[in-house]
């Protein structure tokens, strides 16, 4: 089919990342080079705050044994006993000679082993990335630097904003100098043209304003679509991971004055507020009820009245916020501003879980006299696996008629068996609704007509019957309006579908057509697509896992599925991210690795205007790399049970094939996740490899993302079984390598990774892994939330054996490990401390004591409260050093042994 009108030819649409890298054959590594930045970073900083994370500081390694050169040698750090009585000189000579012979024999055996053709499992397609070229001359990174953000690249967010008259390429900038305005809208192209007639629109001149003597300092801002009023949030307080409350204000651009969103209740905290597409009203939720404020009046209209502790309107409860929408809003305006769709959530039947706070007062209330010594308890409606779920239904508000209504859909799921995962407005009063059954393996897509108040299911997909898998909740479907002049006769939408065992993009038109045009045939899996849609030129932009699963590249495709073209340079193994302007004529391109990240604003290939501006080059980070020595990264595959699994091996600087290195396995491993990627990242694993001198291995095993649904879905109903087998088999492969000390192999993970660490050492029983570390682990999936757990495990009532197998329960096997460590925050609202406490109780009942535990008072799942983040990593590092130094090697005969041979061994620094 011919290209759409206005589309550039394929020859003109060349990759936009040409010459961003150069190769040096001498080290087989990539070295980044680019031009100098030309933009002040202040005006591009994230509209709602910086993305630069900070963390706590490092603690020292302590006063331990050192090698002759003054450096603590952890590459061969066996346990060294301290002390011992003097031995007579002759005995020293004789025993020294005997020990020399023994050591010589051991060395000969080692050499024969090393060069004797020792077999290991085959690996393929090995890729070596080394981002530092200082050799042995560079400084060592410290844990302090890793935790305080010293090694974090500077990243900035551009907030694209649609123009009042359909203009494309407009930026919302915050934090500019007073002379240019605190908040303004600027045309991207005019930034580099001082003679441009398109001048910036200043929305807020100052960084604060006063209302009746109260100074208002914005924490978040949302301009109205017509850019005449700004919705402002101040006094923000965090609720859960994504939700917050605060005071909301309306700021008039022309007069530069503000007023409360609700003048009659200006001090009451609001949970959510959003603009009408007409710019004439704001809908908001307060105390779980919805209200409407029209700008033409100071009065506030009540939309709902019965919201409260158990009934939510327009905002999600805990489990929907965490597991379905990853955000604080379930409110959607129709494009014409005539209707509002929202979820009503009834969690009356959901059991409560108490989260206790022993140090802090999260509710902000002072205890009553005499009750100061009692912990504060916050009760959460938390549906665990198999427990009653919240009842959620979709409702609508007719703005003109001031009326709330709902629409029944014939053949839909029962209330207790329904998850509403996406709502997308189409045109002419139609709305597309995606829902699944409770176990997320049957999908319904319905189209509702709010004008006629009717609805029908237009797509049904049984994912369990298709491949035994599930469907993940997502909010990426994109409505495509009809445009006969450009060949689109009907409305439609773009969605992610399962095609030939992978997630692909598909175009459904008209909206009730169940048979789509698959847009991305033959490509690797798409990632949160589509990323951008150019309606004018008939193009869809998407991010895809590239030639290898650890890559990310950007492509475009026509609406008819023809002419798939790369936007980034796919000849380089790279990791990109992107955000597109509203018309997709411009893109904010982020190169995230493997070399030093950079960011640019560019015109897209089909745009007639050519534009490129560098936003960030991270020159500070590049200079730092020239002074430090980092680990080398080896990307490869291993074959286990017929599956090709991605692996990242981090090797210490000055890696020596003839040495024996301890190995730390690091994993997350959750369904659909990915840990092996090409992002630039100097993290705790980098510290372990580059400073402590250990090898770190990460395996994305079965169940993880971007290696095909066959490998992903095999884990269903039996979490931890295949994933732990993959880690164990990988550890056996590494244990057989000549440069690995098979007696010093450990594994660690956080959250799902904590579960995986425990499940792996449980299944292995000390045969391969000797140590393990689990932070905030799930230990029994009956304790985790229903929406996440049942997606992968079904319900406990349906699959009791699977839940039994997945629980960490084989204490006999755990006792066969040398030692393991468990750490958890006591106020974890996500993975409850119940998991670790019941697990430790099992250990106590079965007289297992080869473990350590550390609880962090009042810390949630991220473990930050009162210096906890620093402690969790420093404790992890110290514990790992102690483990690999043999601190906890079992002594089967603890009776004192004063033999001459033992004392001689102590004298020469050996352990018997």
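The backbone N, Cα and C atoms fix where each Cβ goes, glycine too.
Residues or ranges marked as active site, charge relay system in Swiss-Prot (evidence: sequence analysis): 751, 828, 861. Positions annotated as compositional bias 'Basic and acidic residues' by Swiss-Prot: 1-25. Feature annotation from Swiss-Prot assigns N-linked glycosylation site to 130, 210, 346, 569, 656, 810, 897; the stated evidence is sequence analysis. Among the features that Swiss-Prot reports, region 'Disordered' is placed at 1-31, 49-70. The feature topological domain 'Cytoplasmic' is assigned by Swiss-Prot to 1-92, with sequence analysis given as support. The topological domain 'Vacuolar' annotation in Swiss-Prot covers 114-912 and is backed by sequence analysis. Annotation source Swiss-Prot lists transmembrane segment at 93-113, citing sequence analysis.
The Cβ neighbour count for residue 828 (active site, charge relay system), using a 10 Å radius and every protein chain shown, is 21. Cα separation, residue 861 (active site, charge relay system) to residue 828 (active site, charge relay system), rounded: 5 Å. Restricting the recorded positions 346, 656, 810, 828 to those with a CA within 10 Å of the CA of residue 210 (N-linked glycosylation site) leaves an empty set. Of all the recorded positions in the list 569, 751, 810, 828, the shortest Cα-Cα distance to residue 346 (N-linked glycosylation site) is found for 828. Of all Cβ atoms in the shown protein chains, 15 besides its own fall within 10 Å of the Cβ of residue 346 (N-linked glycosylation site). When the recorded positions 656, 751 are scored by other C-beta atoms within 10 Å, 751 scores highest.
Put simply, residue 751 (active site, charge relay system) is 20 Å from residue 810 (N-linked glycosylation site) when counted between their Cα atoms. Restricting the average to the topological domain 'Vacuolar' (114-912) gives a pLDDT of 93.
Nearest to residue 751 (active site, charge relay system) in space, judged by Cα atoms and limited to the recorded positions 569, 656, 828, is 828. Separating the Cα atoms of residue 656 (N-linked glycosylation site) and residue 569 (N-linked glycosylation site) is a whole-number distance of 34 Å. In this structure, the C-alpha atom of residue 569 (N-linked glycosylation site) lies 43 angstrom from that of residue 828 (active site, charge relay system). Look at residue 346 (N-linked glycosylation site): DSSP puts it in a strand. Counting neighbouring Cβ atoms within 10 Å of each of the glycosylation sites (210, 569, 810), the lowest count belongs to 210.
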